[in-house]
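Trainee: Could you have a look at this structure, given as structure tokens, before my questions?
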């Protein structure tokens, strides 16, 4: 038994080498497509296996299990689930712009339903798929050994059409990713032919032909042309895609909105669920109901709250809050013809494809030319055999080694003699000189054409262009599959903020929030609140008079702001609902609740003695998680949020020192810790108040309001310590 060999290797070096090997394997052999055929290895192996099984468009279907078995057994030694998922996606008309596989059976749905098991489904190639492998048997591409050296597989596909851009691709590798949306094949062919005629064309010229992505699910791209062009110039960007909808008139002036197309890669079922949740949470008050009436075509019916609602505004609110508008990323990170990953722009991708087609046609022409030369040589031998038929038959019958004798007697090559000897005697007798001459002449014409293609670059590019033109004619705009599905619109309402409060009846309400964070609203103002009940151990903390159309600001002890629509607060005589169900406030306390007023100033203060002024427009939160405005250190809290309605500020803390200074000394900020309001030593700020100096400083003491007009003794600069408060000031060091 041999002794095991142990080497001392630096762990860091070994780890980095192995990780690099893994990363390269992921990038080159799994996640990124090749710019030439737009396929990843698993796609290439799957389609080649189907070609070997002769699953052509005009043949019968075969079980997907058989296809997957061949793929993982011969070419792709990975899990059957991954291969079947790939097969399913290539057959889904809502995933691929030009499906490469024709599936029979349940291949999933746009709702996100899974496909049936592979033992139930069947498949074959589509017509456009055969273009990817056209002429693969004519030495157009290199082959390599499979993983077990038992067979060969193509390194690349001949690809008669630009599959990378036509069908797009997406994948995540180690440290890089790719995301290429699908495009219209007719437009791509126009761009390629223009590039052949004008090799020095720039991206701006190409954009005259390629308008933008063309998604299998349709939709409307609302980006401006300069934004789209910029994305294609850099190879990175994104496209904003909206659902297509129409207004459907009903009786008595009532209407409904019908969505007929949804953005690419948006699952219909999840979209409906998303809208339903917003309806339940009263986030879209302009909508009363949504229902799915889809069959083979998409039909989502949205009912407005009432017929006076502008359908454009209804849809704007839905676009803002749901996936009816989504952003499709563009990241053209692909493996180039030099086997190096690179983010390419649209021009580079098209040039790479044309170079690939140039190489394919060159190799095909060379292959066919060699075949013709071989056949011409044989025909020349057959013509000699025809002219000397009796003598050749005699040699074949009588001589033991007819090959050498025939080569010497008639000056024939070995190939010619082999062809004659391999021809059956009956066939030799039926040889006709005219047939040989006709075939010889035709082959010479073909030979001249092929030699012209190989020797004249202009002729070669003519062939490339002719074949692209043929693809365009077969799958262009005038065909069912080729017509553009995604359109473009300039949306003027994109940046408009939809004021949903305009559709809420304005009614007075009183908002009540308890110490334990239970919130509710009662109709009207000036209510008698003596009969209000709270949970055991709870009591009132905030009482706020507002209107149903108001937006309510909730400030937490950690300095985070939350925004609620007053109409969404629980109504009735119960204990209400926990604030935690409405906003993600966590275990923090509520510092203040205010009615939002546009362009009003608010003063924020923390227990550490710092604060700043902020505009109310800056604190509006758009999400349930809120917006962090005041940064509070550990061990401290945000103690106050006050409307700025005076010229002076009074501060008092645990040190029982009162400081009064001008409010103009506090800067206005958007967020942060703020500046020092009052200096403390081993103490905290407890309370703060804004007032007008000429009115005097007031506070509550023993249920009575006391007023101090003479506050000169307490005046100081912001950041000072302050002085002891006047006699009778509350012992809890608070103004109220």
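Here the Cβ of each residue, glycine as well, is placed from N, Cα and C on the backbone.
Under the heading domain 'Topo IIA-type catalytic', Swiss-Prot lists 32-496. Annotation comment: Swiss-Prot describes 40, 76, 78 as site 'Interaction with DNA', evidence class sequence analysis. Marked as site 'Transition state stabilizer' by Swiss-Prot: 119. Feature annotation from Swiss-Prot assigns active site, O-(5'-phospho-DNA)-tyrosine intermediate to 120.
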Trainee: Could you check the recorded sites 76, 78, 119 and say which one's CB has the most other CB atoms within 10 Å?
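Mentor: The most densely surrounded of these recorded sites is 76.
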Trainee: Among the recorded positions listed here (40, 120), identify the one with the smallest other-Cβ count within 10 Å.
Mentor: 120
Trainee: Can you tell me which recorded positions out of 40, 119, 120 are within 10 A of residue 78 (site 'Interaction with DNA') by Cα, answering none if there aren't any?
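Mentor: So the list is empty; none.
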Trainee: Could you state the CA-to-CA distance between residue 40 (site 'Interaction with DNA') and residue 76 (site 'Interaction with DNA') to the nearest Å?
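Mentor: Given the Cα positions, residue 40 (site 'Interaction with DNA') is 12 Å from residue 76 (site 'Interaction with DNA').
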Trainee: According to DSSP, does residue 119 (site 'Transition state stabilizer') fall in a helix, a strand, or coil?
Mentor: coil
Trainee: Looking only at C-alpha atoms, tell me how far residue 76 (site 'Interaction with DNA') is from residue 120 (active site, O-(5'-phospho-DNA)-tyrosine intermediate), rounded to the nearest Å.
Mentor: 22
Trainee: What is the average pLDDT across the domain 'Topo IIA-type catalytic' (32-496)?
Mentor: 92
